[in-house]
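What TrEMBL records for 169-354 is domain 'OBG-type G'. Sequence annotations record features per position, and here TrEMBL assigns compositional bias 'Basic and acidic residues' to 398-419, 532-546. According to TrEMBL, the region 'Disordered' annotation covers 398-422, 532-617, 639-680. Sequence annotations record features per position, and here TrEMBL assigns compositional bias 'Basic residues' to 565-575, 597-613, 639-649.
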Amino acid sequence: MVQFNFKGITVVPSGKEMVDIILSRTQRQTPTVVHKGYAINRLRQFYMRKVRFTQQNFHDKLSAIVDEFPRLEGIHPFYSDLLHVLYNKDHYKLALGQVNTARNLISKIAKDYVRLLKYGDSLYRCKCLKVAALGRMCTVIKRIGPSLAYLEQVRQHMARLPSIDPNMRTILICGYPNVGKSSFMNKITRADVDVQPYAFTTKSLFVGHTDYKYLRYQVIDTPGILDRPFEDRNIIEMCSITALAHLRSAVLFFLDISGSCGYTVAQQAALFHSIKSLFLNKPLMIVCNKIDLQQLDALSEDDKRLVDGMKAEALKTLPIGTDPNGEQQVLMTMSTLTDEGVSNVRNIACERILDQRVEIKMKSKKINDCLNRFHVAMPKPRDGKERPVCIPQQVLEQRAKDQEAEKEKEKRKLEKDLENENGGAGVYSASLKKHYLLANDEWKEDIIPEIIDGHNVADFMDPDILERLEELEREEGLRIAGEEGDDFEIDGDNMTPEEREALNEIRKRKKALIQEHRIKKSTAESRPIVPRKFDKDRQFTTERMGRQLSGLGLDPSKAIERARSRSVSRGRKRERSVAADGAGDDGMEIDNDGKGSNKKLRLRSVSRSRSRSRAPVEEVIPGEGFKDKEQKVKAIKLGKKSVKKRNKDARKGEADRVILNMMPKHLFSGKRGIGKTSRR
């Protein structure tokens, strides 16, 4: 977890902005109405409250600035020196000191004027003291305006600093400018550092992360360093020096043995020896980059001697007990252009970091408390008989196959290898025709014509297209025939000749209807069914159906009756009710032939039949979710009660614009200036 994060510092307002913020807050959050008729004690308290409130707000703002900015003595030495290099710690401390002094001055001013307000003898005197107190506070804030502006610039720059954890496993890359440091970092991490063919492309520290053996490593790319006196180095170089001096890491010193960076091997060796004091107690590795331009063995004798001198210095950083001839751990070659040796350099650097951390922990006192808990069991031979490892035959065969596949893979050239051999990207164009599966490999590079005899070749690529079309049509015919065969068919063996003739007629008519329906669908004439009142031709009527069935020799009465019974009724008319059936023979007979008047019906107490009406609101309908009638009545009452207030407010919703008071008193009261009274 990163312990030093400067991105949480709040914005530092300028002097004018701070004055506007505090005075506006004082105006909004303190009382604004006072009259000369008030008691003098009330007047004093009114203005004392304003002075204290303003002082407290200034104090909170300035305290937040002083407390949130890091103190150089309380943070890691790496960040302390880095801030000194970037911002000059004297200016930084001076700006924070001025803010702290302004905070104390404002507190003192408020204290003095509150004491004077206790002896104010009139409204005018109290108001003058309040104005003087606020004016002096604002003057103090305006005087520290340059310091506030400087701190805001420092805050913005600190927020852009990389989040470097000094206690994490770290790989530090250093060397002359343009030797391939940023390219190496882009290869082993997901960072996107700008890479250009000129010096000092990297002007600040960049951080990336890589994983090795399920552990996270922090990779830091430093700006290039030139071999010159310490006093002459600029801020960009001093960032690298600060990282080398304070971060516990594995150092990769990059060496451009080709000289394409613009500096010779001798100059790079001189830089190494001038800063080698910064490599003490750190794993050091010499990385010879750009071997695609010149191999290490092809160097001159003088350059080899210089490289051997740097290698000897790097061997001194190996842990005690390791092989002193371990050149592969201190001198490595690679090329970021071809990726040769890049992963090897990364792995060796990570291993060196792990070895160093283990060695440091072994030297600490904590290891003594842990060693008594460990027991390492060493097996002893029980006899002199050899027991070789037993590997199944299938495993051996699989290993042999894997080795053969790897050899074939090494022999087979990839498109990337062919591209590098034939001029690189932009020059080499991969041919897709070589993967064609043809009867003769010589046909792969033949040019395929597009137009022959005025016809497009693409239309005639398949010579069997007509046969395939006929086959599809046959399949479609078989599918349609199968669908027709699925229908229920009446067996006509047991029918009379008249019935068989009627059945054939029905089948022909059914087939004609199916064909007519298909034609309508194919010609996009399938429209909605026309309502009966718009059916002017009267094509679908029971009379027509009866005539057709009669023509076939069938009785249409039952079919017509069934169609009429299933038709939708237009509604029922009111009918005269008759006497109940339970009246018996002695019941009064009533003539209900329709000639009697309503008055006679009422006199005879005969009720008319009711028309169908809607069910009562309280009645429970299945599906509404109510248990019984009482529950539904209660729900209706609660619903009416919930909208009662809204209906009372003329259906005013919470999203409606409401002006409670057209002229708020705190904005339209108080002392008026000249020309503010429009009624005169």
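All positions are counted from 1 along the displayed chain.
The backbone N, Cα and C atoms fix where each Cβ goes, and this holds for glycine too.
For the compositional bias 'Basic and acidic residues' (398-419), the list of distant contacts is 425, 428, 430: same-chain residues at least six beyond its ends, Cβ to Cβ under 8 Å. For the domain 'OBG-type G' (169-354), the model's average pLDDT works out to 83. Across the compositional bias 'Basic and acidic residues' (398-419), DSSP classifies residues as 19 helix, 0 strand, 3 coil. Helix first, then strand, then coil: DSSP counts for the compositional bias 'Basic residues' (639-649) stand at 9 helix, 0 strand, 2 coil.
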